[in-house]
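What follows is a single structure, written as structure tokens, with notes after it.
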Amino acid sequence: MSFNHFDEQGQAIMVDVSGKEPTLRTARAQAVVRLRPETLQAILDGRMTKGDVLGVARLAGIAAAKKTPELIPLSHPLAIHHAAVEFATDPETGEIAVTATVRAFERTGVEMEAMVSASVAALTVYDMCKGSDKGITIGQVALLYKEGGKSGVYRREEER
């Protein structure tokens, strides 16, 4: 098995994608935040002391997608054409499913941008709620979907 993030001497490199043709790339990723149900209800009712938790988390996730190459060393800087963050809440369990979608017309995929976006949005929910709920967890960070490029379409089993 060869690893394309290393040169012949075993040194880390950023993969050369200059010879690839740009194509439309889309990726969707998710992270799940678990809070106490009463904390989630306070978020939904707009009663959190730090303000609009989901609004701020949405903006943080979008900004994070654009900052991915600054956080992931071998990630390519990309001209992102679309970034969105959505939330699905379950008041009974206290779960927030954070879903990030990123799109670009590029030579390499946007999976890392979607993963970073969902993760940072989830971390922002944590940051804004940690004062009132010490038991918050974040998990199930996963790529749900990707398309574009020679590898074609990937859809996570749970999404099929």
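Glycine residues also receive a Cβ, built from the backbone N, Cα and C atoms like all the rest.
Copied over from Swiss-Prot, here are the features:
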type: ACT_SITE; residues: Asp127; note: active site
type: BINDING; residues: Leu74, Ser75, His76, Met112, Glu113; note: substrate binding site
Per-residue Cβ crowding (10 Å cut-off), top of binding-site residues Leu74, Met112: Met112
Asp127 (active site): secondary structure state under DSSP, collapsed to three categories: helix
Leu74, Ser75, His76, Met112, Glu113 excluded, remaining Cβ within 8 Å of their centroid (substrate): Thr68, Pro69, Ile72, Leu78, Thr108
Glu113 (substrate binding site) - helix vs strand vs coil (DSSP): helix
Residues Leu74, Ser75, His76, Met112, Glu113 [recorded substrate binders]: greatest CA to CA distance in Å: 12
Lowest local Cβ density among Glu113, Asp127, which the record lists as recorded positions, within 10 Å: Asp127
The residue listed as 'active site' versus His76 (substrate binding site) - Cα distance in angstrom: 28
Neighbourhood of Ser75 (substrate binding site) by C-beta distance under 8 A, where only residues 6 or more apart in the same chain count: Met14, Thr68, Pro69, Met112, Glu113
Asp127 (active site) versus Leu74 (substrate binding site) - Cα distance in angstrom: 27
